[in-house]
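What follows is a single structure, written as structure tokens, with notes after it.
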Amino acid sequence: KQFTKCKLSDELKDMNGHGGITLAEWICIIFHMSGYDTETVVSNNGNREYGLFQINNKIWCRDNENLQSRNICDISCDKFLDDDLTDDKMCAKKILDKEGIDYWLAHKPLCSEKLEQWQCEKW
């Protein structure tokens, strides 16, 4: 599913403030990682990253490509490609709690300041 900034902000509002990260930061990260598209899969050095949050099949989820995954989120990676963001958010929060926000490489260079553009005007 291709989200818009405002629709995604609505879906992710319960993540605002989790681990000290604002909703605008999440929206910015997701834009740069997946373009707000839930069906994004990126192959990288033999690993794959899935969905809005680009969650990795080596550590966080399991797929047919990497049966040795640590699968910390205890989930099949393809669950991150559907329209239901409940499991995506759960795993992203787990990643944030364990690894910190810089797990998402877009954060530091692109999403740590000037965040007004990532806010939905409705609020």
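Each Cβ is built from the backbone N, Cα and C atoms, and glycine gets one as well.
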Going by the disulfide annotation in Swiss-Prot, which one of CYS73, CYS77 is bonded to CYS91? CYS73
Disulfide-linked residue for CYS6, taking Swiss-Prot as the record, within CYS111, CYS120: CYS120
Looking at the disulfide bonds in Swiss-Prot, identify which of CYS77, CYS111 pairs up with CYS28. CYS111
Summary of DSSP states over the domain 'C-type lysozyme' (1-123), given as helix, strand and coil counts: 54 helix, 14 strand, 55 coil
Within 10 angstroms of the C-beta of CYS73 (disulfide bond), what count of other C-beta atoms is obtained when all protein chains are considered? 23
